[in-house]
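Trainee: Residues or ranges marked as active site, proton acceptor in TrEMBL: D239. What TrEMBL records for K126, K145, E194, F195, A196, E243, N244, D257 is ATP binding site. The annotation compositional bias 'Polar residues' is assigned in TrEMBL to 52-61, 67-80. Taken from TrEMBL, the feature compositional bias 'Low complexity' covers 83-98. What TrEMBL lists as SUMO2 cross-link is K241. According to TrEMBL, the feature domain 'Protein kinase' maps to 116-369. Annotation source TrEMBL lists region 'Disordered' at 52-107.
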Amino acid sequence: MATVDYLSSTLEGVSVQDENFDSNAPFNKSKTLASSLSASQSRLKFPLQKIANNSTTSKPQHLTKITLPSQSAQSGSSLTALPRSSASESRPSDSSADPITQSIPTPPKAFHLGMFEIGKPLGKGKFGRVYLARTRSTGFVCALKVLHKSELQQGKVEKQVRREIEIQSNLAHPNVLRLYGHFHDSKRIFLILEFAGRGELYKHLRKAGKFAEPLAAQYIAQMASALKYLHKKHVIHRDIKPENILVGLHGEIKISDFGWSVHAPNNRRKTMCGTLDYLPPEMIRPGREENWYDEKVDLWSLGVLAYEFLVGEAPFEDTPVMTQRRIARGEMTIPTNLSAEARDLIKRLLVLDPEKRLALEEVERHPWILRHCVQSGK
Ligand code: AMP
């Protein structure tokens, strides 16, 4: 307890310093990090939490600087203290017997819990909690997701988590949440994630009701950029929705939750995944063996997302049976108070035939996007 108090007081007055802040970054109206936060907010409070550490204890150190993960930090020097590959707290021979981590290659350098100071809880998901954390060595701020192996096994989602780790740890894009690495002990898996300072997009949307067209267009442009990157890497997300999008400190969006993602092509539907509201027609068509789909499912979801951003509710929202029926028929009404350009983009994405949906390059060049996403200085 004395150690915890000591650490709390040590960290209480530490200022957040973002050496990677780019005041010209698109979608960022504020000039400095300090000006975007109130005086009291500009200090990152770091109330320490206790996560029982099975294997490691480290002595607290005085820290003077917190480096926030940002786009440039992703490839920059502040990450050098964090080995980029995955790691295991247990010996490699242990992990080969572990059904969840066995197929993930053991890297040369290991992470362990003692490398991190654990801060406030950021949220709770179905299978674990997420904490603010930072490395003791460099003060690199991240989010640490703690998953209990027994719960993953009970929920039969070991495969899903393994896939999430494999896919997400190979991705690096400003609008995709980074997974810097992972490690595990006998009971838990720890995911070292990029810290998304403004939390869930879903909460912002619910609070605002709907987004104004310029903001919605900027979000959709960022989504298109991220999806283009994913699809180039042959990754289909398959679960695009506001709940799976986080917001970074500068207001930029970060796609997260790769639990349903797969490597394209040729993935046959085996299970009904994702929220009904966002499922494309080719994924809900019943029973046919030749029920194949490809990365164009994400284009449909992008259309649903654009609609929900602008209207405040998803286009096919109804009873489950009616939602499926309406999706299969493409039955929706786009409110006429939206601009003609916004309506045009939605209509071109929510097309029943996947081949006829607007390609991501065309989304980026669409008049609605161009009108609202012209970067400053151009
Ligand atoms: P999850 O289990 O991934 O659904 O996460 C549970 C909650 O924790 C989310 O709804 C967010 O509010 C929060 N959270 C998860 N990951 C992060 C992150 N990388 N940065 C900030 N908050 C996060």
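Backbone N, Cα and C define each Cβ position, glycine as well.
Any TrEMBL annotation is an automated prediction that lacks curation.
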Trainee: At a 10 Å cut-off from the C-beta of K126 (ATP binding site), count the other C-beta atoms across all protein chains.
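Mentor: Result for K126 (ATP binding site): 8 other Cβ atoms within 10 Å.
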Trainee: Which binding-site residues are spatial neighbours of D239 (active site, proton acceptor) here, meaning Cα within 10 Å, out of K126, K145, E194, F195, A196, D257?
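Mentor: Among K126, K145, E194, F195, A196, D257, the ones whose Cα sits within 10 Å of that of D239 (active site, proton acceptor) are D257.
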Trainee: Taking only the Cα atoms, work out how far K145 (ATP binding site) lies from the residue listed as 'SUMO2 cross-link', in Å, as a whole number.
Mentor: 20
Trainee: Quick one: Cα separation, K126 (ATP binding site) versus the residue listed as 'SUMO2 cross-link', in Å?
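Mentor: Approximately 17 Å lies between the Cα of K126 (ATP binding site) and that of the residue listed as 'SUMO2 cross-link'.
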Trainee: List, in residue order, those recorded positions out of F195, D239, K241, N244 with a Cβ under 6 Å from any atom belonging to ligand 1.
Mentor: F195
Trainee: Averaged over the whole of the domain 'Protein kinase' (116-369), what is the pLDDT?
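Mentor: PLDDT averaged over the stretch: 91.
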Trainee: Using DSSP with the three-state reduction, classify N244 (ATP binding site) as helix, strand or coil.
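Mentor: Its secondary structure by DSSP: helix.
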Trainee: In DSSP terms, helix, strand or coil for F195 (ATP binding site)?
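Mentor: Coil, per DSSP.
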Trainee: Distance between D257 (ATP binding site) and the residue listed as 'SUMO2 cross-link' at the Cα atoms, whole Å?
Mentor: 10
Trainee: Let me know how many other Cβ atoms fall within 10 Å of the Cβ of D257 (ATP binding site).
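Mentor: Its Cβ shell of radius 10 Å holds 18 other Cβ atoms.
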